Amino acid sequence: MKEIVCKLLVIGAGPGGYVCAIRAGQLGIDTVIVEAGKPGGTCLTVGCIPSKALIHAAEEFDATQKMLAGKNPMGVRVEGASIDLAKTIAWKDGIVGRLTAGVSGLLQKARVKIVHGRAHFRDGKTVEVETETGQQIIRAETVVIATGSDPVELANLPFGGRVISSTEALSLTELPKKLVVVGGGYIGLELGIAFSKMGSEVSVVEATPQVLPLYDAELVRPVMRKLSESGIRLLAGAKAMALADNGEALIVETSDGRRETLPADRVLVTVGRRPRTAGSGLEELDLDRAGPYLRIDDQCRTSMRGIYAIGDVTGEPMLAHRAMAQGEMVAEIVAGRKRGWDKRCIPAICFTDPEIVTVGLSPVEARAQGYEIRTAQFPFSANGRAMTMLSEEGFVRVVARADTNLVLGLQAVGVGVSELSAAFALAIEMGARLEDIAGTIHAHPTRSEAVMEAALKALGNALHI
Ligand code: FAD
Ligand code: NAD
């Protein structure tokens, strides 16, 4: 039996784990990372990147379809269009391959030892890994748990056959004619919209009265409008009961208590994700939990000394950039640097059509925290660049303290607004005031001018509206 002794052991090479290991290696810490699958984790292999590749392909196809149908006023016409989903998936797999190989290369460059296999805890500082070449024991002074999350399965609709999770949805090589999505959150809407654009007939069954319940109704409204325009059927306040006896349809209880049968080639269940803690000896360690997640403090320390946890296994928001920021911070703490979780905001983006981005507090959240606020919206319908891109839907919204004009939140809904998230987050991290945004020259013509205009409007000085 082989044995490795190291200073730092990272379990899981998703965005949390691999960033932690790279930074630790850069800081000269003797680091080992164990990964059961491919480096890059959920995000690179079956999450962020594959879904955005599919969404982009779907948008390109949809735009071509609209040109074909003569539905664009720009004068662009095309003769014919089709989508070869198997080729789209192969293209997506190529991107995934390049990125996962890139992560391996970065780990090697940082002198991190990669062990391939599933880690199982023997005790808090020792794991065993079944590798292709036999059992490997790893002992470490410090351990970082970065094991991520798995899709939640519904007891009445277990995965298998026609019932799939996002992982299978991202590798379908044949387009489902009829797709029923259960859960209208991030994944359900991002993928539901993409499949609709590619030509599937899509229905979304959402338990709460509004899709994307995490976002405020104002931001979600343009998405709702687009869902209905594109023929996606939304059953809000509805319950997915079970597959019909022939297995070819989903039985749903609608908000008014009726039963409806929705024919489905595939039923995509996207009702959240749960921490991946089972089967790796974590239960026996008996670490403190926050609900189902591992409880951490502001340095990502768990209840056991020398054991840290980062990323999805520690709960919401389950976002790759949060996991990465935690990973970088923990590596520096292990290297003896003084660090704590001092972020003012974690941007969140929903890659729907149109996209939604939110950073900091919404007006409702700011008021609930006792702030008196100034808030203003600037619509893309008054933005020249948006007009030239046929994307006038949506707006930018700013929320600031009424007494000091300190910016508390920035949100937007519109085509391509995800790229505004950096400006939004920077403004909040830097403690910007409305005057800072309004006084910054924003290049013309860009959609980002709407950010400056929203700040001007909040100050009572709007120029272009
Ligand atoms: P993971 O990425 O889940 O990585 C954990 C790794 O640990 C895995 O590789 C796993 O194999 C490994 N592992 C687990 N247990 C063991 C063990 N015992 N031994 C060895 N290895 C183990 N987030 C965004 O910010 N933006 C997006 O656009 C976005 N889109 C998404 C789309 C989809 C369809 C999904 C499913 C998720 C999406 N997410 C997105 C969420 C994002 O993928 C996660 O927040 C992120 O991957 C979490 O990183 P992590 O390092 O905590 O865990
Ligand atoms: P989610 O929490 O975003 O949405 C789940 C939805 O399912 C909610 O609207 C919920 O009300 C609904 N729901 C729950 N139980 C239900 C039931 N029995 N029947 C019908 N509806 C039900 O979860 P998700 O879409 O599975 O995504 C999981 C996580 O992945 C998210 O929390 C997010 O952090 C991450 N993610 C992020 C992005 C992004 O950043 N763009 C994209 C995809 C996923």
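Keep in mind that glycine also has a Cβ here, set from the backbone N, Cα and C atoms.
Listed in TrEMBL:
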type     : residues                                                                       : note
DOMAIN   : 7-327                                                                          : domain 'FAD/NAD(P)-binding'
DISULFID : CYS43-CYS48                                                                    : disulfide bond
BINDING  : LYS52, THR147, GLY148, SER149, ASP312, MET318, LEU319, ALA320, HIS321          : FAD binding site
BINDING  : GLY183, GLY184, GLY185, TYR186, ILE187, GLY188, LEU189, GLU190, GLU206, GLY272 : NAD(+) binding site
DOMAIN   : 346-455                                                                        : domain 'Pyridine nucleotide-disulphide oxidoreductase dimerisation'
ACT_SITE : HIS444                                                                         : active site, proton acceptor
Listed recorded positions with Cβ under 6 Å from ligand 2, out of CYS43, CYS48, LYS52, GLY183, LEU189, HIS321: GLY183
Between GLY148 (FAD binding site) and GLY183 (NAD(+) binding site): CA-CA distance (Å): 20
Recorded positions close to ligand 1 - of CYS43, CYS48, GLY148, GLY183, ILE187, LEU319, only those whose C-beta is under 6 Å away: CYS43, CYS48, GLY148, ILE187, LEU319
Rounded inter-Cα distance in Å - the residue listed as 'active site, proton acceptor', ILE187 (NAD(+) binding site): 34
Candidates ILE187, LEU189, ASP312, LEU319, namely the binding-site residues, that fall within 10 Å of CYS43 (disulfide bond) by Cα distance: LEU319
Diameter of the FAD binding set by C-alpha atoms, the set being LYS52, THR147, GLY148, SER149, ASP312, MET318, LEU319, ALA320, HIS321, in angstrom: 22
The domain 'FAD/NAD(P)-binding' (7-327) [mean pLDDT, rounded to integer]: 96
Cα-to-Cα gap, LEU319 (FAD binding site) vs CYS48 (disulfide bond), nearest whole Å: 9
Number of other Cβ atoms within 10 Å of the Cβ of CYS43 (disulfide bond) across all protein chains: 24
Cβ-centroid neighbourhood (8 Å) of the NAD(+) site, GLY183, GLY184, GLY185, TYR186, ILE187, GLY188, LEU189, GLU190, GLU206, GLY272 excluded: VAL181, GLY192, VAL204, VAL211, LEU212, THR270, VAL271
Alpha-carbon distance [HIS321 (FAD binding site); GLY185 (NAD(+) binding site)] in Å: 19
Where GLU206 (NAD(+) binding site) falls in three-state DSSP terms: strand
Spatial neighbour of HIS321 (FAD binding site) that is closest, considering only the binding-site residues ILE187, LEU189, GLU206 and their CA atoms: ILE187
Max CA-CA distance, Å, over listed NAD(+)-binding residues GLY183, GLY184, GLY185, TYR186, ILE187, GLY188, LEU189, GLU190, GLU206, GLY272: 14
